[in-house]
Amino acid sequence: MSLSPRTTVFVVLCFLFVLAPYLTRATTDELQARCDSHSFNNGKHFRSCVDLPVLSSFLHFSYVRETGVLEVAYRHINVDSSSWIAWGINPTSKGMSGSQTLLAYRNSTSGVMRVYTSSIKGYSPTLQEGPLSFRVLQLSGEYLNGEMTIFATIVLPSNITVVNHLWQDGPLKEGDRLGMHAMSGDHLKSMATLDLLSGEVTTTKGANGNLLLVKRIHGLVNAVCWGIFMPIGVMAARYMRTYKRLDPMWFYIHIIFQTTGYFGGLLGGLGTAIYMAKHTGMRSTTHTVIGIVLFALGFLQILALKARPDKEHKYRKYWNWYHHTTGYVVIILSVYNIYKGLAILQPGSSWKIAYSTIIGVIGMFAIVMEIMQFKNRWGSLCCKESEDLKADKTVSTNV
């Protein structure tokens, strides 16, 4: 018996109608499997659970509005045992400064979890143990199968329904010292507004978006000024000056690229660095130290122009040695520091490929010019050595 097309469509629709709730339930269960259905080893249960948007984290909590009692379990999965985790509430603003934080890590020697509180007062926190602005009734932690969890019972002011919260993780250094968390990617997005009644999480975008934009401007300005303009200025002085018809053009090109690179880096690079230090804290990293050294060397080069002797002066050769050596050191440190900055910023492989291509072309051009000008630049030295060798042979023959 064959079914008509209309009957076939009707049967299929009925079949889908019957299965739809089960398919939907399966999908929902799959999405909530890592959150609502999670069972804690200590038998604790919570009314709400939130799958936090970044850093593979979950927040389980129960809140009593009338008393302000908030029971939480902050759970971070896929975390190494040599890491620390933190969750906190900022009662005054959105961001790290002012947050009241719970921290935990696993002791590297005993394997015992240490959980404590720390009130963060600035953007360069030491994360030392200290009291919070609200009461903490219970505090504990566990690490099991790559999951680290902080359990706490805290008392908030009554009738609070929305809080600014943030979460983080970082490396544990030698001696169980808490290292700095990463300053890029999801680590700059791990803050949000939490509705304690509905469980709704609203990601805080403003400050993080601005900071990420400033970091990209910082990287772009410094890459162009220190990593491109400076090498071009040096090459103009080294290769153009050998052609008499390009004198004094080479000098003006050299000055334009060097001053543009320095003051562009000073205004754009240092300005954005100060902004980032203000909002994330100044840290004595290799990248920061090299940056300060570069600005100092650039300033010394500017001062050196004021003390440049005439071409015929007996000290001019010493000034040239200093000026050239300092310039080459600046170029080497600049390129190295740009790659250090790219490793910190992590803007994507396209940035690194683009800069590597540009600096590679500049390097290839320098190699070609060195080969072309080898005789003019080093020929006199080779001829002088040959003449000295001939003279020595003549003397030895006469003897």
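Note that Cβ sites are derived from N, Cα and C of the backbone, with glycine treated the same way.
All TrEMBL annotations are machine predictions without curation.
Worth saying up front: this structure is predicted, and the values here are computed from it rather than measured.
Taken from TrEMBL, the feature signal peptide covers 1-26.
Look at TrEMBL and you will find 55-170 tagged as domain 'DOMON'. In the domain 'DOMON' (55-170), helix, strand and coil residues by DSSP number 0 helix, 66 strand, 50 coil.
The domain 'Cytochrome b561' annotation in TrEMBL covers 177-378. Averaged across the domain 'Cytochrome b561' (177-378), pLDDT for the predicted model comes to 84.
Residues annotated as transmembrane segment in TrEMBL: 217-237 (among others). Long-range Cβ contacts of the transmembrane segment (217-237) within its own chain (Cβ-Cβ under 8 Å, at least 6 residues beyond either end) map to 250-251, 253-258, 260-262, 264-265, 268-269, 272-273, 276, 291, 294, 327-328, 330-331, 334-335, 337-338, 341-342, 345, 347, 351, 355, 358-359, 362, 365-366, 369.
According to TrEMBL, the feature transmembrane segment maps to 249-277 (among others). When Cβ-Cβ distances below 8 Å are used as the criterion, the transmembrane segment (249-277) is approached by residues 211, 214-215, 217-218, 221-222, 224-226, 228-230, 232-234, 236-237, 240-241, 243, 288, 291, 294-295, 298, 301-302 of the same chain, each at least six residues removed from its ends.
Annotation comment: TrEMBL describes 289-307 (among others) as transmembrane segment.
The transmembrane segment annotation in TrEMBL covers 319-339 (among others).
Beyond its flanks by at least six residues, the transmembrane segment (351-371) meets 219, 223, 227-228, 231-232, 235, 238-239, 335, 338-339, 342, 345, 377 of its own chain at Cβ-Cβ distances under 8 Å. According to TrEMBL, the transmembrane segment annotation covers 351-371 (among others).
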